[in-house]
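**Q** Structure provided below as structure tokens; questions to follow.
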Amino acid sequence: MRTLWITAVLLVGVEGHLLQFRKMIKKMTGKEPIVSYAFYGCYCGKGGRGKPKDATDRCCFVHDCCYGKVTGCDPKWDYYTYSSENGDIVCEGDNPCTKEVCECDKAAAICFRDNLKTYKKRYMTFPDIFCTDPTEKC
């Protein structure tokens, strides 16, 4: 519980991209991201290893891979701009790097939404010591 509280405090205090990603997830899924996704499966949250546990965890795996392709900015901290039109997220701005980060986040938020029916509470706070399968490549 303490880790969850610390994560919540850190994310609320961030003015850059992590707070934006949180808002995007909330908009697309209706779920509170810190509670529902920060420690989900083997790939949601910090780091990642092993094989994704389900479709939601795979969203995080793909998101990590997407971040791995971004060059020229810091995907976790650089600020980007986006708007929401008719329920769709539109990434904006002139900076190609931060726009790419926004597109990674948008794809993950949509993936979470599209997999809400298979979301499993048992993976909400899944201990990574159980992520022992060979790690997949992007």
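Using N, Cα and C of the backbone, Cβ positions are placed for all residues, glycine too.
Annotations per Swiss-Prot:
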ACT_SITE  HIS63  active site
ACT_SITE  ASP105  active site
BINDING   TYR43, GLY45, GLY47, ASP64  Ca(2+) binding site
DISULFID  CYS42-CYS131  disulfide bond
DISULFID  CYS44-CYS60  disulfide bond
DISULFID  CYS59-CYS111  disulfide bond
DISULFID  CYS65-CYS138  disulfide bond
DISULFID  CYS66-CYS104  disulfide bond
DISULFID  CYS73-CYS97  disulfide bond
DISULFID  CYS91-CYS102  disulfide bond
SIGNAL    1-16  signal peptide
**Q** Do you know offhand how many angstrom separate CYS73 (disulfide bond) and CYS102 (disulfide bond) by C-alpha?
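**A** Between the Cα atoms of CYS73 (disulfide bond) and CYS102 (disulfide bond), the distance comes to 12 Å.
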**Q** By a simple count, how many Cβ atoms lie within 10 Å of the Cβ of CYS73 (disulfide bond), its own Cβ left out?
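**A** Excluding its own Cβ, the number within 10 Å is 18.
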**Q** Could you tell me the C-alpha distance between CYS131 (disulfide bond) and ASP105 (active site) in angstrom, no decimals?
**A** 23
**Q** When you average the Cβ positions of TYR43, GLY45, GLY47, ASP64 for the Ca(2+) site, which other residues in that chain have a Cβ within 8 Å of that mean position?
**A** CYS42, CYS44, LYS46, GLY48, CYS60, PHE61
**Q** Would you mind reading off the Cα separation of ASP64 (Ca(2+) binding site) from CYS97 (disulfide bond), to the nearest angstrom?
**A** 15
**Q** DSSP on CYS91 (disulfide bond), three-state: which is it?
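**A** The three-state answer is strand.
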**Q** Quick check for the class: what is the C-alpha distance, in angstrom and rounded, between CYS104 (disulfide bond) and HIS63 (active site)?
**A** 6
**Q** Would you kindly give the Cα-Cα distance separating HIS63 (active site) and CYS102 (disulfide bond), rounded to the nearest Å?
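**A** Answer for this pair: 11 Å between alpha carbons.
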**Q** Please identify, from the disulfide-bonded residues CYS97, CYS104, CYS131, the residue with the sparsest Cβ neighbourhood, meaning fewest other Cβ atoms within 10 angstroms.
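**A** Selected from the disulfide-bonded residues CYS97, CYS104, CYS131 on minimum Cβ neighbours within 10 Å: CYS97.
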**Q** Of all the recorded positions given, namely GLY45, HIS63, ASP105, which is spatially nearest to CYS97 (disulfide bond) at the Cα level?
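**A** Closest by Cα: ASP105.
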